[in-house]
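A.B. asks: First, the structure itself, so that you have it in front of you.
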Amino acid sequence: MLPKTTRTGQLNGTCTSSVDMELFLHYSLIPSLFIILILSFLQRREHRRQRDDTSYLLGNRFGIIMPLDFVGTFSNRWSYGIAFGATANKVMFLFSEGYQPLQIPQWAQAFELLIGGLEVGLSHFPFFACLSSEFQLVSSTLGFCYSLIWFAVTILQVSQCPHGQFVGKYETLVFYWPSLLCLAFLLGRFLYMFVKALRVHLGWELQVEEKPVLEAHQAEHVKQLLRTPHSQEEKKSWFQTRIYEWDPCFQFPSRMIGTIVLAFICLYLFIVIEFCMFVYVRDELDMFENKLESYITSVNHSGILTPGILQVKELISVTKGVWVATILPASLTCVSYLFHILVCYRKHIKRLWAGDKHFLPLRFHNPASSESVVAIARYSGWQIAYILWGYLIIHVVQSLCGMAIMYGLVLPIVHKQGLEMLRGLGIGILTISIVVGLMILQMWIAASFFLQPKLGTADKQKPLALNNRKAFHNFNYFLFFYNVLLGLGACLSRLFISCLLGTWLIARIDRTIMQSGYEGADMGFSAWIGMLYVDHYHTNPVLVSFCHILITDHRERKLQQTTKYWCLNQLAGPRVSARSRTRWLLLQTLINNPRLVMLRKSKLGHSSQESQILMTCSES
C-alpha cells in the first residue's frame, strides 16, 4: 500500500490547495449525469414499446448511450485512446487502492473498489459518449464544456501546489502533465467536431454517410485474398524483416489503441510513484547510515561491530545504486512488451482468420462463448495491471542480478581481490565447461557408434535404429551413476531457468508461463484468447464482407420495389391521394399474407370487417 501523499499525487508538504480532486470527482457526477440525460434524450430507440408498457409514454426517446464499440470500432481510434489517457491518474488511484469513496469493513473491500471504479467510469463517461454520439453539434458543445471544466480544475491544482517533497520542483506537474495533454487534445477534437457539424448544419458541407458495415481496410484484405499471389515478392528491409512490417489491410481496433495508450501513461505514473517511494526510503536509509557513522566515530573505529557495520553500509550503497541503474532497462523492457503485444495481436488474429489454431493450446481451440464475452471485458484492465506489476517484478529481478554482478565481479576488484575473483571465476567456468563437454561427448558417441548408417545420401540424420547393442548397454550402465549426479544440476538449472523466464515474461499476457496442460490456470492468457475469439467472430473481413453483400443486395431489392411502385404512380390517370395509395398497398399486402390480420392492432369493428373483405377477395 502506498502512502496517502503518494497515492493522491499531492506531494506538497506545506502547500494546501483550494481544490480537492477527490471531492471534485464526486461533484463531477452532476454534469456527467446531465450530459448523459441530454444525449439519451436525443438518442432514439429503434423499437418502440407497446402501449401497456410504462416506457411507452417516453415515445422513442431516451435511448441507451454507448461510450464506444469495444469490438468493431476502427474510426476515430486515437481520439478514444486519448480519452482513455485522460483517465490515467484516476486509474492509478484505483490501482493503488487509494481511492475509497466509502468507509466499509475490510471484508467488503471488493464492493468498495467496485463502487469506486463505477464512479470513476461515470465521471469520464461524457468524454466517450460525446465522441461517439451522432448528434455532433450538441455533443461537441457538451464535450468541450466538460473537458474544459476538467482542464481548468487540473490547471488550478497544478498552479497552486506545483512543488513537492520527493521529486522537488514541479512535482505535481510531473504527475499531471499526461492528463493535461490528453484534455488539451480533447478540447481541440471537440472544437473541430463543432466547426465541422456547424458547417454541415449550415449547408456548407455535405452530411457524412452513416458508418459502413465494411471498412475500407477489410475490403482491401478480402481483395488481397482473391488476387493471385506474385511469384516474386518485394525485397523487405531489415526493419520489416526483424521488427515490424506495416500492413495497409489491417487496423487495430479502438480497444487495443486505448489499452496501449492508457498502459503507457499508467506505466509512466507508476515509475514516478516508485521513484518517489525510492526517494523516501533513500532518505530514511541515509539517516540510518548517519547513525551508524556516529557509532563508528564514537568507538574510534575499534568496536567489535565495526566490520559488520561497514558491510551494512556497503550493502545499502550498492542496493541504492543498482536500483536506480535498473530503472531504465526495466522500463524499456515493459515498453517493448507493449509494442510486442500489438505485433502478437495482429499475428494471432490473422492466423485465426486463416483458420489456423495450431499456435493455441488444445483446450483453447473451442472456448466457451460466455468465457470469451467476459474475457473481452477483462482484457484491457488486466493488460494494464499485468504491465504495472510486471514492471515491478522485472525491476526487482534485474536489481538482484545487478547485486550478484556487483558482489561477484565489481566489489572484489574494488577491494583489491581481483586475482581471487578471477581464480574462482575460472574454476567455475572450467567446471561448467567440463560438464557441458561430457554431455556433448555422449551425444557424439551415440551418433557415431550406436546408430546405423544413413539410408540415403540426402538424409539429414541417421535413422533411430540401434547399432553395436552390447557396447550400447555397457555405455548406459557405466554412465547411469554419473547421470544421477548430473541430473541434480539439471534439476536446479530447470528451476532457475523457469523462475527467471516466469518473472521476465510475467507482463506478457499474450504468452502463458504455465507448462503444457496447465494453461487454463493462467487467467491472463485465458482473457487474451477469449478476446481474440470475440474479435475473430465479429471482425473477420471475409464474414463482414459477406454480411455487407447481403445488406447491399437487400437494399437494392427494396429500392427496385420502391422504384416500381413510383413508376406505377406516375402513369397517366386520375390523381390518387397518398393516403388512398397507402391503404391500397396495405390491402395488397394483407391479401398476400392473411395471417398478418391477426397481428394488427385491434380497433372497434375493424378487424371483423377486414377479415370479411379478405375472405371475399380471396374467394374471388
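FYI, residue positions are counted from 1 along the chain as it appears here.
Any Cβ shown, glycine's included, is placed from N, Cα and C.
Where the annotation comes from TrEMBL, it is an automatic prediction and has not been curated.
According to TrEMBL, the protein has these features:
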type	residues	note
TRANSMEM	24-42	transmembrane segment
TRANSMEM	135-155	transmembrane segment
TRANSMEM	175-195	transmembrane segment
TRANSMEM	260-281	transmembrane segment
TRANSMEM	322-345	transmembrane segment
TRANSMEM	388-413	transmembrane segment
TRANSMEM	425-451	transmembrane segment
TRANSMEM	479-506	transmembrane segment
A.B. asks: The transmembrane segment (24-42): which same-chain residues, six or more beyond its ends, come within Cβ distance under 8 Å?
C.D. replies: 61-65, 90, 99, 101, 119-120, 122-123, 125-126, 129-130, 133, 135, 138-139, 142-143, 146, 149-150, 153
A.B. asks: Restricting to CB pairs under 8 Å, which listed stretch, 135-155, 175-195, 388-413, 425-451, 479-506, is in contact most with the transmembrane segment (322-345)?
C.D. replies: 388-413
A.B. asks: Give residue numbers and ranges for long-range contacts of the transmembrane segment (135-155): same chain, 6 or more residues beyond its ends, CB-CB under 8 A.
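C.D. replies: Non-local partners: 19, 21, 24, 28, 31-32, 35, 38-39, 42-43, 86, 126-127, 129, 176, 179-180, 183-184, 186-187, 190-191, 193-194, 196-198, 201.
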